[in-house]
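J.: Next up is a structure, given as structure tokens.
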């Protein structure tokens, strides 16, 4: 039907003076069913006829108002029609249009299709642009009127415009619709921003303060539309944040060599999720560092903590600085954190007493050097600490003992110098290089240098240089006795250092990412196949322990007949590989009575008399051999280990022997620890006065590990923070019981908790404990434990508040952390996932879209959930279609599969006819997702949520807010915007 007929109908009504309801009845008679009034452009036609003269036609306007009230026309068609009027000089027409907008601008709605809802968003954007243009025109007229002395009309119209603007923008729902429209039509939004700037310039000269403040308020509301989702309130009432504390302790204790970026991202993630103010965030990092310094065991661990605090954490803060806007603000926050820290005098005094120095002063100097503090702040903080410091500490400081912080800070440049020295050609000045390495072995120099290298990310480079040196010394040709002894020493020192690094910092530091064509260096080969490590079982009959028999025979003869080991032309790597078979020959001879104990003593002296590496290789094989022997067969092998670890009975003739023996004994003690515990044997290693393995064998004997787990968690919860020892016990339990056992039992403990403040603390602590292996724990928690709780009605009671809220919070935190980091590198402390685990997830959540997963078959027992199992051939709005599918996320990844299936389960729970604690749990889960989100949900875990879930969620009263809808939908996708517009327009 043509518009001309519509126009004729309107004119006929006007001529015959029909009342509004009479007009509506006749209109429905004139126009048959089928075409809607919006398609016929009724609103536009009525406005066109009403606005022909200098003043609006009241009768035709009454028809339009009736059409709006009776929903003959949609709000979007009326707004679009209004925004086409641009003769702002006709005051009465403008006022009439503002009156019409005033009727409905704060109660817009649309219950039609998604396209119609998007149409409403666009129409509202056009109407906002029209209102701004109208306001600007009114303000200009007011200024002209002021100059001419007749300002009353202009002021009245401007007041009406601002009133309508304020009423439209005060509605959160309208701002949410405008947020969607802005993403749909970026050019229109740019026009609005230009209009806003122009309006600001005009209104700046306005004398009426009330109108000016009203205009400023409207401007603020418009400018807030693009950032609607980024406003979070920070927790200003809290002072302790155990998650940050535990994360720092975990990194400092177990992951000194880890890269900084993953730690920085994890800290920022926790800061965002828990809304921690920056000064308190930095303060918590410092507090954890000082606690670590105080409680770290003496020796290597103490040096590791010192390096972590003084070298790594300042660098971490430098990286964190980039996440904050404005350097000045961040330095003020760091200064504020130190101001708070200085009030914790007992903590700082205890650290000073432990480290034999003013720890805070060293830290302030380092932060000042890194540009984290201004000079004025630095001077002020130093003077405050000096004034507050316990005077007895200064007098009790031992001038003969150099404090660790000072030593570590001096060790850092030394590491760089050593790396440069190691780059030189080894063949030119081996004696000079030996001198450098000899100094490294004295006292605690080696551990200091390694800690400094680990904290600054140079340890891998350090190890690589020593592997190259070790490789260089394996062969000697045409050498003198002196050259041969230097070569032997360089081989020995590099070998011992590399073993020490592998045991202290993990073997992954040593391993290179060598390409398939390259030859693997000797030390790497030996370490991977022959070196005992915790949890690594070696086969004593492995081919690596069975080299060429002629080499073995000559080595046995050399050990048995010579008074001492020969050095010239000695191929040390071959000797190291042959020693295991030689030891087996010697053991057999001893057991069969061919050799006496005195001969064994002479042989063991020969083995360790010149080159300690041979003793290390011998014990490595003996440890593997002892495991395979019966109780009554072990004595001789253990006796031989004792001999190799004991003092030398003959004279040693090579340099740095005592220093090398100290490292050798530490290596042997680490190697033998597991087997000695399993065989209930004791071997006394020469003591250095320091516990070389402070965190080994912490589990109490003869107690079930579940008891140990619940006990340690109860203690940690009571205390409110995790200490280093507890971290190591929990790590041992995780590897002993497995991820499912560990996670399941800790979640059971959380669900037992009924005190609200305790559940929140438990969540913060559990999250940090789960960081021991966050990826694996998240897969278990979201893929097994939560589905089990949500699908079993007998367990629903455990999801009541407060433990249910706490579990929802924990699940979201784990999901967000794992998802944000799983594309990056896994932390070096996290064990690599086995292939079969991945297969488990594939079978639980199959790859093929057409094949419903085990989990979804389980859910489809609900009679009203069959739609979930429909095959996604209809891609327009299938019940399981989510943003992740439109972004083509890799669904072979176990975490992506688990998230997708969890959100399908959530959708199923919301759509089910049975409500209960599980429904409430889903609501808390979604609320936490919204609370933790960044500006938009693209790339977050919510992209796995089916689009259909949005309409189910808004039925839950707590979730029926426009901001929530914006937060949970992926607005970067047209389909996401349609879903959001439909849900918001229906609110």
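Cβ from N, Cα, C; glycine included.
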J.: Of 429, 871, which does Swiss-Prot mark as phosphoserine?
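T.: So the answer, going by Swiss-Prot, is 871.
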J.: Can you dig out which of the ranges 545-549, 550-554, 555-559 Swiss-Prot describes as motif 'LXXLL motif 4'?
T.: 555-559
J.: So which range, 339-343, 344-348, 349-353, gets flagged motif 'LXXLL motif 2' in Swiss-Prot?
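T.: Result: 344-348 is the stretch Swiss-Prot calls motif 'LXXLL motif 2'.
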J.: Which residue among 442, 650, 860, 882 does Swiss-Prot mark as phosphoserine?
T.: 860
J.: Have a look at 118-122, 123-127, 128-132 and point to the one annotated motif 'LXXLL motif 1' in Swiss-Prot.
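T.: Comparing 118-122, 123-127, 128-132 with Swiss-Prot, motif 'LXXLL motif 1' matches 128-132.
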J.: Looking at 446-450, 451-455, 456-460, 461-465, which one does Swiss-Prot call motif 'LXXLL motif 3'?
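T.: It is 446-450 that Swiss-Prot describes as motif 'LXXLL motif 3'.
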J.: For the motif 'LXXLL motif 4' (555-559), find every same-chain residue at least 6 residues outside the stretch whose CB is under 8 Å from a CB in it, and list them.
T.: 565-566, 575, 578-579, 582, 585-586, 603, 606-607
J.: In the motif 'LXXLL motif 1' (128-132), how many residues does DSSP call helix, how many strand, and how many coil?
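T.: Residue counts for the motif 'LXXLL motif 1' (128-132) by secondary structure: 5 helix, 0 strand, 0 coil.
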J.: Do you know the DSSP helix, strand and coil residue counts for the motif 'LXXLL motif 4' (555-559)?
T.: 5 helix, 0 strand, 0 coil
